[in-house]
Amino acid sequence: MEDRYGREIRSFRLSITPKCNLKCFYCHKEGRNEEHGKLMSADEIGKIVKSSLEFGVRKIKISGGEPLLRTDLPEIIENIKDDQIKDISLTTNGILLEKYAQKLKDAGLDRVNVSLDTLDPEQYKQITAGGNIESVKKGIEKAIEVGLTPLKVNFLAMDCTINQLPAIMDYCRKIGAILQVIEFIPMEEELKHHHIDVVPIEEEIGKKADQVFTRKFMQNRKKYIVDGLEVEFVRPMDNTEFCGHCTRIRLTYDGYLKPCLLRDDNLVDVANPLRNGEDIRKYFIKCIEEREPFCKAQ
């Protein structure tokens, strides 16, 4: 199904918990800055995802909070699996990944994205309020070992981390990971000074690239191959290309469909209607009808 702007719905991002075992100073909590309603069960998540298939969803991204804190995560993945779904991936901080990688693979998870903003152990502790970077590295190694690949490293480009980019690139190249350089979206006034313009950085990477591809169904973002390393840039801020080619809807941990990454004022309740025995397809239609590019071309 397409929205009013001709954008197909192909991807569904599921936040399955607000809880996290780190406390990164920049975290936007998927747009839900306070704990709200009841957490969805594994069965409810499965039913909502199965309903989404009718509207064109073919890729699932699981996130949190930290999704590995849910002990029923393997069950959630098993409930999501369907022949129509081409890809189930998960975004994690990696702290618990070494422990659970094999179980997730066995349940049907295809691949993981791991957040890693620095390779400096002390800086990592500062950013995450006490996290152990060695646990993350071991988790990455285990994920690759069991086949949760292609593994992507999510690097958040900020004023305090950008000097780590060359080292992160070398690390990803060494382990065979894809690197995603993500623009920081400051959700609070006191964090705005951490934002940096990643356009010049992307342009510099582009000059060094051996090959450049365009990902049509991922906001038309570019993919650069630099000395064997695959690098992508995710630039949501003031980006008409990002918004104009968005194919994703989202589900909050408490059961609301979220039409737009950058808005929290047009959520559509789907969990409570499901619990009341309603046909939830009309709520997907409402969500899709609510979709519009946050940044529109002039």
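Here the Cβ of each residue, glycine as well, is placed from N, Cα and C on the backbone.
Lifted from Swiss-Prot, the feature list:
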type: DOMAIN; residues: 4-221; note: domain 'Radical SAM core'
type: BINDING; residues: Arg13, Lys61, Thr91, Lys152, Arg248, Ile249, Arg250; note: GTP binding site
type: BINDING; residues: Cys20, Cys24, Cys27; note: [4Fe-4S] cluster 1 binding site
type: BINDING; residues: Tyr26, Gly65, Ser115; note: S-adenosyl-L-methionine binding site
type: BINDING; residues: Cys243, Cys246, Cys260; note: [4Fe-4S] cluster 2 binding site
Task: Those binding-site residues of Gly65, Thr91, Arg250 having Cα within 10 angstroms of Cys20 ([4Fe-4S] cluster 1 binding site) - done: Gly65
- [ ] Fill in the CA-CA distance, Arg250 (GTP binding site) to Tyr26 (S-adenosyl-L-methionine binding site), as an integer in Å.
- [x] 20
Task: Average model confidence [pLDDT] within the domain 'Radical SAM core' (4-221) - done: 95
Task: Those residues of the chain, 6+ apart, with a Cβ under 8 Å from that of Cys260 ([4Fe-4S] cluster 2 binding site) - done: Cys246, Asn266, Arg291, Glu292, Phe294
Task: Helix, strand or coil at Ser115 (S-adenosyl-L-methionine binding site) [DSSP, three-state] - done: strand
Task: For the binding-site residues Cys20, Cys27, Ile249, the one whose C-beta sees the most other C-beta atoms within 10 angstroms - done: Ile249
Open item on the list: Same chain only, sequence gap of 6 or more: which residues have a CB within under 8 Å of the CB of Thr91 (GTP binding site)?
Closed with: Lys61, Ile62, Ser63, Gly64, Pro67, Val112, Asn113, Val114, Ser115, Asn154
- [ ] Would you list the other residues of this chain near [4Fe-4S] cluster 2 - those whose C-beta lies within 8 angstroms of the C-beta centroid of Cys243, Cys246, Cys260 - in sequence order?
- [x] Phe242, Gly244, Arg248, Leu261, Leu262, Arg291, Glu292, Pro293, Phe294, Cys295
- [ ] For the S-adenosyl-L-methionine site as recorded (Tyr26, Gly65, Ser115), determine the largest distance between any two Cα atoms, in Å, rounded to the nearest integer.
- [x] 13
Task: Cys243 ([4Fe-4S] cluster 2 binding site): tally of other CB atoms within 10 A of its CB - done: 22
